[in-house]
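Okay, so here's the structure we're looking at.
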Amino acid sequence: MPAGGFLVSPPVPPSGVEYEAKITTSVVLSTVMAATGGLMFGYDIGVSGGVTSMHAFQREFFPSVLKHDGKKESNYCKYDNPGLQLFTSSLYLAGFTATLFASYTTRRLGRRPTMLMAGAFFIMGAIFNGAARNLAMLIVEIAPTRIRGGLNVLFQLNISIGILFANVVNYGTDRIRPWGWRLSLFLAGILGALFTLGVLLVVDTPNSLVERGRLEVGKATLKKIRGTDDVEPEFNAIMEASCIAREVKNPFRNLLLRRNRPQLVVAVLLQMFQQLTGINAIMFYAPLLFKTLGFKTDAALYYAVIIGAVHVLSTLVSVCAVDRAGRRMLLLEAGVYMFLSQAAFAVIFRIKVTDDADDINRAWAIMVVAMVGIFTSSFAWSWGPLGWLIPSEMFPLEARATGQSVAVCTNLLLTFVMAQSFLSMLCHLKHSIFAFFAAWDVVMSLFVLFFLPETKNVPIEEMRDRVWKKHWFWKRFMNDNGGGNN
């Protein structure tokens, strides 16, 4: 997920040539353990939203949220507290900052040592995001092309599992008063310890080793990953890729070349659209949203557990379907469901959640939970995992690491903005905030329909010729002498 350094991407064979590669135990272990970092990230997302809905936590840190004076406040505005929002959004601000440091450590030390350091810092209470982009890139670099998408989505699956785990923990610790919220936060350290131990099983990628001059170790690692001794052609390609990477003196300037602009624009817009679905606002603040509708704290946390389970199951759909149905189909189908559910939210909140409404009847409550389930399910098989997968596979070799880093920084920054502003937006826009997100669902679906090319089962080295040069709009940037800045 977030952050990372400017390492070379895996080499690719000449057109029509496929390197010998088996799905080895090393590939599976490395992929699963790297993706396990998503558990930590998902747990933080889930635990922050649940903890902020607990009265004991609010009384300790945000007493103004509790209406001790009996003053009646608008249902939409009772959680409009900048500090409360900062508690959640600071996760992403820290991740954005960590990205800059991770770039240096990854380039100098490699991904595996960076992930080890990140796990240690997480245990001590810092944010692990500096390694997360390295986790995603690790999966991309060791996975065979034919299952590239499914393995990459494992990271999003682990985020979903982390959110579900946090929701279950919050539901239980809410009954341990007044210190249950402390236990919820403390358990994050256990996940950090498991992650750190798991990283010891992860192999560093051959191209990362070659980049740092460890050629023999790199070749031995490649043999282990591929499950064969016949790796000479691929190893030579790794060497060539390393030389190409060293020739790029200014990676950001290279990224701005005319021929790389389509990928850059698409990558940045995908990150923006992912946040404008409204998913993080709902996942962060699901318990608070349910309480706004009149649910009690324990009921709000209970329904958050249900939504978390739906999120996990739906992400499994993406793991199975992404390399079959394709990226565009999943995004377009999900766009319809997300629009309908957000529109339903707007109607329900308009009818049932007035400024002074105290409760919601059972039928409306079931409808709300169903709509939240449909929305999170749709996101989990589409914009959630594909918002990360597509940028990781569409950049050319010389620009892929830098392009992916820009995408990560964009996502973290926008997630921070959304987390910091959602409860204030809810206060001012009231039910119209869901109409706002629904409108963006339409915009992003139109973007996918007209401007996002399909990258399913296309070898990375052929992406420019088979995808970008044939796209009705982006092909104008792909002329062979289009390397200039104009």
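Glycine residues also receive a Cβ, built from the backbone N, Cα and C atoms like all the rest.
For 30-456, the entry in TrEMBL reads domain 'Major facilitator superfamily (MFS) profile'.
The transmembrane segment annotation in TrEMBL covers 84-104 (among others).
The annotation transmembrane segment is assigned in TrEMBL to 116-139 (among others).
According to TrEMBL, the transmembrane segment annotation covers 151-171 (among others).
Annotation source TrEMBL lists transmembrane segment at 183-203 (among others).
Residues annotated as transmembrane segment in TrEMBL: 264-288 (among others).
Look at TrEMBL and you will find 300-322 (among others) tagged as transmembrane segment.
Listed by sequence, the residues of this chain that lie at least six past the ends of the transmembrane segment (334-351) yet keep a Cβ under 8 A from its Cβ atoms are 277-278, 293, 364, 367-368, 371-372, 374-375, 377-379, 381-383, 430-432, 434-435, 437-438, 441-442, 444-445, 448. If you look up TrEMBL, you'll see 334-351 (among others) marked as transmembrane segment.
Feature annotation from TrEMBL assigns transmembrane segment to 363-384 (among others).
What TrEMBL lists as transmembrane segment is 404-426 (among others).
Taken from TrEMBL, the feature transmembrane segment applies to 433-452 (among others).
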Sort out for me which stretch, of 183-203, 264-288, 363-384, has the most Cβ pairs below 8 angstroms to the transmembrane segment (300-322).
363-384
Would you report the average pLDDT that the model assigns to the domain 'Major facilitator superfamily (MFS) profile' (30-456)?
78
